[in-house]
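Student: Not my notes, these are from TrEMBL:
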type	residues	note
ACT_SITE	Glu297	active site, proton donor
BINDING	Gly1, Pro2, Leu3, Gly43, Asn72, His149, Phe324	thiamine diphosphate binding site
BINDING	Asp42, Asn72, Ile74	Mg(2+) binding site
BINDING	His149, Arg243, Ser270, His348, Asp356, His360, Arg407	substrate binding site
DOMAIN	240-412	domain 'Transketolase-like pyrimidine-binding'
SITE	His149	site 'Important for catalytic activity'
Amino acid sequence: GPLGQGIANAVGLALAEKHLAARFNKPDNEIVDHYTYVILGDGCQMEGISNEACSLAGHWGLGKLIAFYDDNHISIDGDTEIAFTENVDTRFEGLGWHVIWVKNGNTGYDEIRAAIKEAKAVKDKPTLIKVTTTIGYGSPNKANSYSVHGSALGAKEVDATRKNLGWPYEPFHVPEDVKAHWSRHTPQGAALEAEWNAKFAEYEQKYKEEAAELKAIITGEQPAGWEKALPTYTPESPADATRNLSQQNLNALVKVLPGLLGGSADLASSNMTLLKMYGDFQKDTPEERNVRFGVREHGMGAICNGIALHSPGLIPYCATFFVFTDYMRAAIRISALCEAGVIYVMTHDSIGLGEDGPTHQPIEHLASFRAMPNVLMLRPADGNETAGAYKVAVLNRKRPSILALSRQKLPQLPGTSIEGVEKGGYIVSDNSSGNNPNVILIGTGSELEIAAKAADELRKEGKTVRVVSFVSWELFDEQSDAYKESVLPSAVSARVSIEAGSTFGWAKIVGSKGKAIGIDRFGASAPAGKIYKEFGLTPEAVVAAAKELC
């Protein structure tokens, strides 16, 4: 995969082990007790994500993480001396790692075994075992060269390598002694598994409550009725930013979901992601469930992938400003590709964030994630929709969810619901009959309120208007044709969408005769109310567009 992702995933796996061990191990029964091994190369070391993740691994004291660094001095463009001459050992020591150097990585098997033994003896630090090797070892003409890095040896060189290594066998033939040597692990593994199962049965008898929680995390079976913990809202509930409503949901869910944990890239007080019942996951308090990632968005995403892939019932979430998904896009793409159900809590989702200006105001981001396969892009408009987005995110364990949340306060709208969000798009209000309104107004997030206000004005003028909340394109696409027709009837071409982001892609929803109101330029620094007016994101603009169509 993309270089550096693997080592960062390994940090997530090791974090999960340390966390679960701290929560569930007892003096008489260490039920969680495994090491995490990972191999990385020179290219991984060059990628910034590896430093982000390894810095955190050192800070957290992940003593059961053992990394083998294949130090072969070759990358695709040639010898690493052309671009990579730092002292990796010293850097890792500075990051708080224990470092061991195996000088003969080609045939020094006993050295490697001894290094592993030493690494296991160091309990308070992760270990980097630098293994100096020759790339393409055994190839008489291509060993120690970049030509063996990214392409196959070729039939001629494969034959020469076989002769050079004294390997007389046909391709794909596994000699019996080799097979026997490797297959000895099968009965060993079965015995270890039986031993652990017996240990867990004993644990279950003594510690029923903890065993039930751990089992839920291992199997991914969430407690029955967990969704009843989701808060609900009425139009009389106070207006609030969806980032604040998100925090209410997180703090409700952590009481019923044993595997929920996560944090922010140094923005917890702004993303509103703190779990108030818990302290911080740190070196000496690994049982806690607030993870402090520091300003390391890319590493954060990849670490969360590792946590999600450790156990089906672990539900990691991570947070930053929506615009800074640009710093972590590769990790989000790997979430989608690996079917890791990470929940990405992305606040400050539009120009509505105000005075921070265009560097912080997302424009193209919604469209870009809607284009990414196996990602749920959710933009809730109020409390009920935020709760619905969390329900969807928790249920989708094999695809990541991105929640785009507002900084500015939004009203609790009539007609919104958790059930509606599960369908992706649904009718919030409608004064038409026979599935044939004069015009359909479609909004997402903070702009659903604008669509609702525009509808009120148009109805005063005698128009029949349907307002549709379009929280998630992906979920709507998955509904039956009959349901989609009931929300967006093909006979009604008068459609207006409004969203504080790029209009790219909206033609698919509004059709060739509809109008998409949005922002196809960078933002500006101004209070939310003022910038919305300047950019034409107003009920008046929606009314004018609708009148042109009906």
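Quick reminder: no glycine exception, Cβ is built from N, Cα and C everywhere.
How buried are these features, and what lies next to them?
Tutor: The Cβ of Glu297 (active site, proton donor) has Ala265, Thr320, Phe324, Thr325, Tyr327, Met328 as same-chain neighbours under 8 Å, each 6 or more residues away in sequence.
Sequence-distant neighbours of Asp42 (Mg(2+) binding site) (same chain, 6+ residues apart, CB-CB distance under 8 A): Asp70, Asp71, Asn72, His73, Ile74, Ser75, Thr80, Phe84.
Annotation for His149 (thiamine diphosphate binding site): spatial neighbours Ile74, Ser75, Ile76, Ile135, criterion Cβ-Cβ under 8 Å with sequence separation of six or more.
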Student: With an 8 Å cut-off on Cβ-Cβ distance and a minimum sequence separation of at least 6, pull the same-chain contacts of His348 (substrate binding site), or say none.
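Tutor: Within the chain, His348 (substrate binding site) has Cβ neighbours under 8 Å at Arg243, Ser270, Phe321, Phe322, Val323, Asp356, His360, Pro362, Leu405, Ser406, Arg407.
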Student: 10 Å Cβ neighbour count around Gly43 (thiamine diphosphate binding site)?
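Tutor: Taking all protein chains shown, Gly43 (thiamine diphosphate binding site) has 17 Cβ neighbours within 10 Å.
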Student: State the count of C-beta atoms found within 10 angstroms of the C-beta of Leu3 (thiamine diphosphate binding site), not counting that atom itself.
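Tutor: There are 18 of them.
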